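Heads up, the thing below is written out as structure tokens.
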Amino acid sequence: MSAPAANGEVPTFKLVLVGDGGTGKTTFVKRHLTGEFEKKYIATIGVEVHPLSFYTNFGEIKFDVWDTAGQEKFGGLRDGYYINAQCAIIMFDVTSRITYKNVPNWHRDLVRVCENIPIVLCGNKVDVKERKVKAKTITFHRKKNLQYYDISAKSNYNFEKPFLWLARKLAGNPQLEFVASPALAPPEVQVDEQLMQQYQQEMEQATALPLPDEDDADL
């Protein structure tokens with residue numbers, strides 16, 4: 001993927017989107033308008049696949065984002081959902097502690113099938129003022145060597161960050177950049193820029209702290 005394939009085919013990667021129901025996974029993936037327009041439903045496993053294209057300084061890259069269509073509310077997902085995934089996003093809701101508490105379960109299911117793939121952890125709904133999951137408590141990604149981003153699906157805040165990080169990992173090229181923004185749905189809410197800067201500083205400060213004792217093996 002250091003350059004577009006000579007035969008003109010766009011490098012395409014299967015990305016699985018996991019996390020508790022209600023954390024905003026579908027809202028997030030639907031922000032990308034061409035992906036929403038071109039999505040396909042796979043009835044056998046109850047999944048919507050959204051092809052999300054991004055344009056980089058090395059050509060186009062596409063993520064086939066698998067969204068569960070709400071099945072996770074009825075327990076875990078079938079292995080067929082995870083098989084052949086090349087990267088993943090685990091999402092939780094920063095206004096709901098239980099969704100963060102369940103992140104290790106999603107991670108365990110993912111790595112049991114996919115083993116060593118690049119994974120981004122995303123804390124969604126940072127536009128909501130009553131944030132419950134604070135920066136200092138978000139440590140799981142550090143223990144498991146994942147990338148973490150605060151996001152707000154409804155405002156498009158940090159929408160591209162997880163995809164850029166994954167694209168660089170998959171391409172093996174930290175110099176890869178997105179050169180054009182995808183068409184996104186208009187923001188439904190606005191984020192408070194000062195608050196976002198404060199959250200970012202808190203995350204950076206938290207990263208410098210030693211990890212808490214392993215009272216609980218997963219958290």
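Placed from the backbone N, Cα and C atoms, the Cβ positions cover glycine too.
Pulled from Swiss-Prot:
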MOD_RES   Ser2  N-acetylserine
MOD_RES   Ser2  phosphoserine
DOMAIN    9-173  domain 'Small GTPase Ran-type'
BINDING   20-27, Gly70, 124-127, 152-154  GTP binding site
REGION    39-47  region 'Switch-I'
REGION    70-86  region 'Switch-II'
| task | Go ahead and report the DSSP secondary structure tallies for the region 'Switch-I' (39-47): helix first, then strand, then coil. | result | 0 helix, 4 strand, 5 coil
| task | Let me know how many other Cβ atoms fall within 10 Å of the Cβ of Lys125 (GTP binding site). | result | 27
| field | Candidate with the highest Cβ count within 10 Å, taken from the binding-site residues Gly22, Gly24 | value | Gly24
